[in-house]
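Visitor: Questions regarding the structure given below will be posed in turn.
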Amino acid sequence: MSSPGIHGSRRNAKRKTIDSSDQATDPSFKNIRRCPHSGCPTKVPICFAGATERCAGSGYTSRWYHTSAAEHYCNECFEHYYRCHKDGYEVYLSWKKLWSTHGTTDASIRMFMTNSVLPFWVQCRECHKWRQWSKSTTPIPEFLKNYVCGTMASGKKSKLENPCEVPEDQRVTLTRDPSWTHLISSLSYMKNSPAWPYLTSYFPDKLGMCPSDHEVFKERKTPVMHKYLQPFVEADSSEIANGVAPDVMEEQEMDEFPEYASIPSMYLAIRNICLTLWNLNFKEWLTKERCATQIICRGLGRVLYIESLDKVLWFLTRRGLINVGLLSVPRSPQSSYISNKFIKPNPSVIVVGAGTAGLAAAKTLQGLGLKVTVLEAKSQIGGRVCDDDSLGVCVPMGAQILNGALNNPIAIICEQAGILVNSLSDSCEVINVNGELMDKQTDERMDFHFNAILDIIADWRKGKELTQDTSLLAKLKEMHQQFLDESQLSFTTDEQKKMLALFIEEESLMNFHISNLEFACGDTLRNVSALHWDQNEDYPQFSGENLVLPAGISQVLSKLAEGLDIDLDTKVTKVDYGEETVKVVSENGKEWTADKVLVTLPLAVLQDKDVEFSPCLPEWKSKAMKSLGVGKIEKIILRFPRPFWRKKIKDCKVFGHIPEKQDNVGYFNVFYDFSTDKVDKMYLLVTHLTGSALKLRDRLDRDVVAACMEVLKALFPEETVPKPLDYFVTKWTKDPYSKMCYSYVPIGVDGDAYDIMSQDVASKVYFAGEATNRQFPQSVTGAYVSGVREAHKIFSTLVEDDT
Ligand SMILES: Cc1cc2nc3c(=O)[nH]c(=O)nc-3n(C[C@H](O)[C@H](O)[C@H](O)COP(=O)(O)OP(=O)(O)OC[C@H]3O[C@@H](n4cnc5c(N)ncnc54)[C@H](O)[C@@H]3O)c2cc1C
């Protein structure tokens, strides 16, 4: 097959007897056949195949075959491949074999023509005009990146003095018509898709990839993605946050890209390529330019795909699926998806609070070109992420664990910034107050039993109204009994004694599990909703290993804060949003004005109305604010001269304390070994007070530590437990700028409250923070995600929508 050059087939041009535009305008011209495809706008088709000397070119043929609004082949070329006595038949046959082995779509001659004969189109790097290129050579990314008008498939240059001055082929404009995708009669699939190696369990054509590429990929080595990244999740496996089903166009995507509704596999092909490229290199902003060189397919469809890339990339960025973390938006003129025009010059935003949510939002907004000022009451950033280095080693006073590394944006930031992370093993030895390690069998049995009870509770809540809600503790007790009755499980007397002890105040593993749940909720289970305590589990969660950052999560926040305008020691007292701009006032009377304000105050601070809103927040907002629970935990950090616990618990980094009686639930339930063995005498244990145990926090630190030491002595009677060299007892609940650890769902409330918390007021006051994130509440990750979410929301209101 010959190369058509930049104007289409030379042979076509030679064979033209009458100018095609004349034909189109001269109704008296008889010797013309129109494309029979209903709605096809092309009056005079041109054969793209040029496969035989008899090719009709743009002249008469007994039948035109329609591929798209601007792509047709003549009956002569059809016969050339289709008839067994013709020269092209063998070519078609071998393609057909390959296609039907690896694909599901019909290996028809039409499919062959589209995916094996249709020419490629390329875009000039300099003038950005589209040019028809070769039929026989699949362009490689490097070529597509550097293509300039006049470059032939042979590599030779055209003789034209300034090939960029040649007008663009008019057929290109047809791809921009909304009806283009509806008029496609056979799809041109992606060639050499970089997503292919990660999607081998699918039929490639279902995902818009060319089945005949199978042979190509068979030979190639698959580049390995980072272990914390898993962009694709198969529909029948459990969902992972920020993982997408490669074969499903989500509802949001359908809404955003209606132009792909008739060809969803092509959207999937593009989206999956973008996700793959980002996940293979998450240290660089994924640009349209980078993706465009990997979107390779035959025909004019490529024009549409490349031209919709901006929108796809922007959508995926807003969804937090690509361009996550510390990367800055490139300011190149080609990156048009953020060079949208601002509605007014220099839009500005004030962010109240320099915790995780505030910093994430400010970083994102600044990256998008907005003027951002962060106001923080404390003399340091971080909020509930606070690490103390006074001992010469990092002591996490607030958040310390990242739950679920897979696709977790904080884990990605750590990798981008070279921040060291360690995985935290799941294993936890459990010890009773007589110092006995719980045997594995009983431990596992109780684990199973506890989870079974939670499952029964999950079953019970189906179809229940909020008015039927009750406390999680009450339900646990009830279901425990019901489970025993219904399952007829015969526990040993010893096990029964241990389990039933929950209700008769004896030592019980059950208390340990309850204690753990109280830690997760930040309050006694008497206050927690049985119906909705785990409402976020209805949404995909971050999974995989849990991580600790030896130098503290505050490292991540310092990275986010780099280059931001942050006013520390600035306690905001009022947010006035009654005028066109928003006015924010601090305790010392200083004022700031901006187009928008983002409030990231902790829930408890909002509930206590420490910041006045003028006008008052609407009732729907304040009602949701009041309804959510304010969880409270305090940490006790002890430094010892030696790791006396290790002889018993061996390599475990976590050990649990089975409380003696239910009254002791919440007291020092789990101990984390946060030692830095590399530094002498830096043997740290971190534990907590939760729920009703918080009454201890009113005592002196030394009394709290004494109570904790009593527990440790009971757990390790065989040891002479040394006195701690240092200790810290946190005061989060008394900290006027926190007053809490994290939110929870109390009795009679559901997850909607989180959604309402996230809604803006009057398109001027926006809210972020862990208590505004229904899917990932309570966590640093959730706070981060909420900050990015609001940044995009604010940005979208300040720019003209030119998508
Ligand atoms: C003891 C403890 C342990 C935790 N453990 C974990 C864990 O292991 N893993 C995990 O993921 N999460 C954990 N969390 C929860 C996690 O820390 C929070 O969910 C997250 O940090 C909240 O971030 P945020 O931005 O929503 O709020 P914050 O970090 O609280 O930020 C709010 C900011 O607003 C500032 N502010 C308050 N009032 C004013 C005012 N009037 N004017 C100006 N600024 C003001 C505050 O000083 C603060 O900086 C823990 C929390 C605590 C307390």
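Sequential numbering from 1, following the chain as shown.
For all residues, glycine too, the Cβ spot is worked out from N, Cα and C.
So TrEMBL has the following annotated:
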type	residues	note
REGION	1-30	region 'Disordered'
DOMAIN	115-172	domain 'CW-type'
DOMAIN	235-333	domain 'SWIRM'
BINDING	GLU376, ALA377, VAL572	FAD binding site
Visitor: May I have the list of same-chain residues other than GLU376, ALA377, VAL572 whose Cβ is within 8 Å of the Cβ centroid of the recorded FAD site, in sequence order?
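Guide: Neighbours found: VAL352, GLY353, ALA354, LEU375, LYS378, ASP567, THR570, LYS571, SER586, TYR737.
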Visitor: Among all protein chains shown, how many Cβ atoms are found within 10 Å of the Cβ of GLU376 (FAD binding site), not counting that one?
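Guide: A count of 26.
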Visitor: For ALA377 (FAD binding site), which residues in the same chain are close in space, meaning a Cβ under 8 Å from its Cβ, but six or more apart along the sequence?
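Guide: ALA377 (FAD binding site) has long-range Cβ partners GLY353, ASP569, THR570, LYS571, VAL572, PRO736, TYR737.
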Visitor: When a 10 Å sphere is centred on the Cβ of VAL572 (FAD binding site), how many other Cβ atoms does it contain?
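Guide: Cβ-Cβ neighbours of VAL572 (FAD binding site) within 10 Å number 25.
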Visitor: When the pLDDT values for the domain 'SWIRM' (235-333) are averaged, what is the result?
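Guide: So the average pLDDT across the domain 'SWIRM' (235-333) works out to 92.
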Visitor: Among GLU376, ALA377, VAL572, recorded FAD binders, what is the largest CA to CA distance in Å?
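Guide: So the binding residues stretch over 8 Å, Cα to Cα.
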Visitor: Tally of helix, strand and coil residues over the domain 'SWIRM' (235-333) according to DSSP?
Guide: 48 helix, 3 strand, 48 coil
